[in-house]
Amino acid sequence: MVLIHTSVGFFKRFSTSATPSTSSASDWKTQQTLFRVATEISSILLQRRNWITHLQYVKSKLPRSTLTSPVFLQILRETRKCPKTTLDFFDFAKTHLRFEPDLKSHCRVIEVAAESGLLERAEMLLRPLVETNSVSLVVGEMHRWFEGEVSLSVSLSLVLEYYALKGSHHNGLEVFGFMRRLRLSPSQSAYNSLLGSLVKENQFRVALCLYSAMVRNGIVSDELTWDLIAQILCEQGRSKSVFKLMETGVESCKIYTNLVECYSRNGEFDAVFSLIHEMDDKKLELSFCSYGCVLDDACRLGDAEFIDKVLCLMVEKKFVTLGDSAVNDKIIERLCDMGKTFASEMLFRKACNGETVRLWDSTYGCMLKALSRKKRTKEAVDVYRMICRKGITVLDESCYIEFANALCRDDNSSEEEEELLVDVIKRGFVPCTHKLSEVLASMCRKRRWKSAEKLLDSVMEMEVYFDSFACGLLMERYCRSGKLEKALVLHEKIKKMKGSLDVNAYNAVLDRLMMRQKEMVEEAVVVFEYMKEINSVNSKSFTIMIQGLCRVKEMKKAMRSHDEMLRLGLKPDLVTYKRLILGFK
């Protein structure tokens, strides 16, 4: 009786649609064949070293030479005690037996790797699962199909760590919440990875809450954990708490670095140098980046005494060689890449004011780009003028584009800056079109029409499209001032870019064109046809066209427009419509 029950249970796993009691004789035969094939493959895997050769003979016994998930799961159960063999067979089956694992098979093979301590292999197997499915599906399926709690905890920790290292802390927190509900604790490595991800995104409060959970779960903090906690405390300005932490015997170069940068940001340079001397006594070295931060803060606060002190230290540590031009260039460019524009600008000015040192052309470009990114527009303008005056050749076009973007970002830009923007654009360096549109709209709102026209003219020949609001304001201005030729040029530009304007702006153009009587009727018809093409018409558009066509005695065209208006359901109010009909008499 027991044997019969086992066979039935096995065959049920292999069956896709029918139960043993209702399946045909041929179905039973197929199930028995699959049972024997699974057992044969398991025996070969467990008993043969060169099992790949022997499996070639079994391949033909599989339906269409394809391994299915139920057969694989049976093999996995029988070979689980030899995890490396099971995992190698999994890879072999995908390559040679057309095996396409379902979520259950994937989860079970990950569990085999995790429970046997093959974490790198488990991580590799997890990656495609995590990359192609949602967090809820991944953790839900793992919870459903894993048989052991320990292996589930290990595998979910790997999932959490994967998300954290990818910078997706939201997904990492979702996995963490799921594990808490299951009363599972992530590994120390997973905790540290998620902490690091939260710190990187400046989520300090959440990070401290996570650390509290880590302590409650009995996870012992390691050096990386303490470094991250010290960094959080320093970012929050809680340097005294960091010193209390250090009094317990916890200290590292990273903790000292965080403290130095914390004091430096607050302008407490005496404390900075005291810490640096303490580090020297303990044979701990600050990095170039940390010295760069201190120098940048000293330059930002204009503390000449400490600027000289930091420079002397950097010379002593061989980070800076004040007389070497090539070294200066590299240092300035490195500081620019770090975003330390006050320090890089100070060294840049020193080099420019000296007679013996000549900077590379690329250094001017780096300086222009860094100042522009930090929204220090006035200083960026000075560097740009210096580049033009000295005839410097900057090959990196992104430097000029970043400068143009900075000029667009400046809400209180002067006329000089607006002229510079036009100059940069004419040289072929076009900023972000969204920002450019905002500048144009701002000029129009402030009624600085000449500046707006200059800006528009500078990009008219380029493949640049302003948004409809900015162009609409300028179009209405052209119509009010009678500059219909410019209005038509702008329309052609928009048409070429397959853009559109607000219907009110188009109506203003139609109205002005029709007021010219017969002179510009054809132009009005062309504009109107484009309006219909882009579905930017309303009742007023048709009214303007019909009245204008009636005035120039184009009665057939007027009637066609009238009929089209009615067909589209754009009939105006009764008073306007009666006035419109009078034009046909």
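Here the Cβ of each residue, glycine as well, is placed from N, Cα and C on the backbone.
Here is what Swiss-Prot says about this protein:
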- 152-186: repeat 'PPR 1' (REPEAT)
- 187-221: repeat 'PPR 2' (REPEAT)
- 222-247: repeat 'PPR 3' (REPEAT)
- 252-286: repeat 'PPR 4' (REPEAT)
- 287-321: repeat 'PPR 5' (REPEAT)
- 324-358: repeat 'PPR 6' (REPEAT)
- 360-394: repeat 'PPR 7' (REPEAT)
- 396-431: repeat 'PPR 8' (REPEAT)
- 432-466: repeat 'PPR 9' (REPEAT)
- 467-501: repeat 'PPR 10' (REPEAT)
- 502-534: repeat 'PPR 11' (REPEAT)
- 538-572: repeat 'PPR 12' (REPEAT)
For the repeat 'PPR 2' (187-221), jot down how many residues DSSP puts in helix, in strand and in coil.
-> 26 helix, 0 strand, 9 coil
Residue counts in helix (H, G, I), strand (E, B) and coil for the repeat 'PPR 11' (502-534), per DSSP?
-> 30 helix, 0 strand, 3 coil
Mind checking which residues of the chain, 6+ beyond the ends of the repeat 'PPR 3' (222-247), have their Cβ under 8 Å from one of its Cβ atoms?
-> 188, 191-192, 195-196, 199, 202, 204, 207-208, 211, 214, 254-255, 258-259, 261-263, 266
What else in the chain is close to the repeat 'PPR 8' (396-431), if you only count residues 6 or more beyond its ends and a Cβ gap under 8 Å?
-> 362, 365-366, 368-369, 371-373, 375, 377, 380-381, 384, 438-439, 442-443, 451, 454-455, 458-459, 462, 464
Determine which residues of the chain contact the repeat 'PPR 11' (502-534) at the Cβ level, with the cut-off under 8 Å and only residues 6 or more beyond its ends counted.
-> 468-469, 471-473, 475-476, 479-480, 482, 484, 487-488, 491, 495, 540-541, 544-545, 547-549, 551-552, 554, 557
Residues of the same chain, at least six outside the repeat 'PPR 10' (467-501), with any C-beta under 8 angstroms of its C-beta?
-> 433-434, 437-438, 440-441, 444-445, 449, 452-453, 456, 460, 508-509, 511-513, 516, 520, 523, 527, 530, 534, 536
The repeat 'PPR 7' (360-394): which same-chain residues, six or more beyond its ends, come within Cβ distance under 8 Å?
-> 329, 332-333, 335-337, 339, 341, 344-345, 348, 352, 400, 402-403, 405-407, 409-410, 413, 416-417, 420, 424
Taking DSSP helix as H, G and I and strand as E and B, the repeat 'PPR 7' (360-394) has 27 helix, 0 strand, 8 coil
If you run through the repeat 'PPR 5' (287-321) with DSSP, how many residues end up as helix, strand and coil?
-> 26 helix, 0 strand, 9 coil
